[in-house]
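If you look up Swiss-Prot, you'll see 529-540 marked as compositional bias 'Polar residues'. Swiss-Prot lists LYS526, LYS527 with the feature ubiquitin cross-link. Taken from Swiss-Prot, the feature domain 'Fibronectin type-III 1' applies to 126-226. Residues or ranges marked as N-linked glycosylation site by Swiss-Prot: ASN47, ASN55, ASN85, ASN109, ASN172, ASN254, ASN313, ASN377, ASN434. Taken from Swiss-Prot, the feature S-palmitoyl cysteine covers CYS464, and the record attributes it to similarity to another entry. Annotation source Swiss-Prot lists phosphotyrosine at TYR467, TYR482, citing similarity to another entry. Annotation comment: Swiss-Prot describes SER496, SER536 as phosphoserine. Sequence annotations record features per position, and here Swiss-Prot assigns region 'Important for interaction with TYK2' to 492-501. The annotation signal peptide is assigned in Swiss-Prot to 1-24. What Swiss-Prot lists as topological domain 'Extracellular' is 25-437, and the listing cites sequence analysis.
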Amino acid sequence: MLALLGATTLMLVAGRWVLPAASGEANLKPENVEIHIIDDNFFLKWNSSSESVKNVTFSADYQILGTDNWKKLSGCQHITSTKCNFSSVELENVFEKIELRIRAEEGNNTSTWYEVEPFVPFLEAQIGPPDVHLEAEDKAIILSISPPGTKDSIMWAMDRSSFRYSVVIWKNSSSLEERTETVYPEDKIYKLSPEITYCLKVKAELRLQSRVGCYSPVYCINTTERHKVPSPENIQINADNQIYVLKWDYPYENATFQAQWLRAFFKKIPGNHSDKWKQIPNCENVTSTHCVFPREVSSRGIYYVRVRASNGNGTSFWSEEKEFNTEMKTIIFPPVISVKSVTDDSLHVSVGASEESENMSVNQLYPLIYEVIFWENTSNAERKVLEKRTNFIFPDLKPLTVYCVKARALIENDRRNKGSSFSDTVCEKTKPGNTSKTWLIVGTCTALFSIPVVIYVVSVFLRCVKYVFFPSSKPPSSVDEYFSDQPLRNLLLSTSEEQTERCFIIENASIITEIEETDEIDEVHKKYSSQTSQDSGNYSNEDENSGSKISEEFPQQDSV
């Protein structure tokens, strides 16, 4: 054990000290006083300045800081050498400060006490090498590691389950092919070759405290010959809705398989936990290279899964253990959100589960919270909130402003922050505020009063434009009354219809008399017809027609 004292060391500085004056006595002084603590082993070591002085012994005392109760340090009383082991001292608390003092003795003469600086044993302790037990398979080595210290160790009593172990392994024939792995107290090293000698060494670590121990002695072991029944390989486990599917590869047919699992926390506890492996439901004596088991048979957490094969020749070794995290296999779908404007300065947001999520009942297995992000549609500045509720309100918003919202579901208290992808973005406009309503009313009233005025102005403008650019083709009535109807009427008559004087040659007087009478009658009729025509606005050419008739009759008389 003393060979390991070159690590963590507490230096106890001692000054020059002298035995009581006596004739011929030499001055003695201890030098380089050191304390080494490895696990529960305590060592005190120093150098003597004068080895020529005989019959000099050394003794040490200790006390808990502040108690003023010095006790003899067991194992370090009247020591003739320059080192002592005081591991037998029963310390009740390794986190309390301890004071040490040491002196030289020669017969009845003693030096004065020299005290060293107080120290805390736990802080000065070094992690020692673990004990290792090996067992060989054809392609693997089984490790059984005991934590540093004894079973009843007080130094690591609170840390026995916190140790992690680092293994360096190599083929005995070639130390250049080293490989380092981190293992649990009960673990396996895989991917080895049959019938090969492998050597390894192990050291323990407390990672949270950043403390690394020293390596164990080197252990060597031969792997066995190749097993007749090979082990299954490439273990995989997948989640599919409400079930888990366990798959593996196997090169031969006509084999049956068995699968087991172990809660991961057993791996951290030192000791043999082979009896803690449990049979996976629906995965015993299966003939296919997969098996299916329901989600509800497993509680939330991390498991290790292993498979082995059996046939007429025997049973294989267990396959390589596969870590299985139920949380990592859980599929969380994005939520469905709806947004509604409540007032001019708030929006109501409702978060619901998608149909896929409802079918998988994820929210029943794991409590969910929602990460909600919202922002103004015209801005990239986002605000993020976490909500356990599925209905909540965003207050203190701007009126008549468009806000956009998206959300995702997270597993509550999950260290890996596992969650779904974000939902579709939904945008909604807030309602108008009181000021906006007032301006809306004023604007509406102004528009109602302005419309008639605008219509009137436009109509007047159109009249002016029409009068200037599109005048009427008919002259005004004041001008038209100066024009008589007769000239206009005559202008419209054709040349053939103009009035002419007609001359007749009369040979028979009796006929003339008849004609005159007839003319008188016609004249009266003509006047009446003319008056009637003037009243009605129509004109008749009846006199001309009558004349023409008479002229037609005269030739008949002539012919007689």
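From the backbone N, Cα and C atoms, a Cβ is placed for every residue, glycine too.
Here the structure is a predicted model, which means the values were calculated and not measured.
Sorting the glycosylation sites ASN55, ASN85, ASN109, ASN172 by the number of other Cβ atoms within 10 Å puts ASN85 first.
Checking each of the recorded positions ASN109, ASN254, ASN313, TYR467 against ASN172 (N-linked glycosylation site) by C-alpha distance, the shortest gap belongs to ASN313. Taking the C-alpha atom of ASN313 (N-linked glycosylation site) as reference, the shortest distance to any of the glycosylation sites ASN47, ASN109, ASN254, ASN377 belongs to ASN254.
Within 10 Å of the C-beta atom of ASN377 (N-linked glycosylation site) sit 12 other C-beta atoms, taking all shown protein chains into account. Among the recorded positions listed here, namely ASN47, ASN55, ASN85, ASN377, TYR467, ASN55 has its C-alpha nearest to that of ASN109 (N-linked glycosylation site). Taken residue by residue, the domain 'Fibronectin type-III 1' (126-226) breaks down under DSSP into 3 helix, 51 strand, 47 coil. Each residue contributes its Cα atom, and for ASN55 (N-linked glycosylation site) and ASN47 (N-linked glycosylation site) these two points are 16 Å apart.
In the structure shown, across all protein chains, ASN313 is the one of the glycosylation sites ASN254, ASN313 with the greatest number of other Cβ atoms within 10 Å. ASN254 (N-linked glycosylation site) carries neither a helix nor a strand DSSP state and counts as coil.
CYS464 (S-palmitoyl cysteine) and ASN254 (N-linked glycosylation site) are 108 Å apart (CA-CA, integer value).
Put simply, ASN47 is the one of the recorded positions ASN47, ASN377, CYS464, TYR467 whose Cα lies nearest to the Cα of ASN85 (N-linked glycosylation site).
Every protein chain considered, the tally of other Cβ atoms within 10 Å of the Cβ of ASN47 (N-linked glycosylation site) stands at 14. According to its DSSP assignment, ASN55 (N-linked glycosylation site) is coil.
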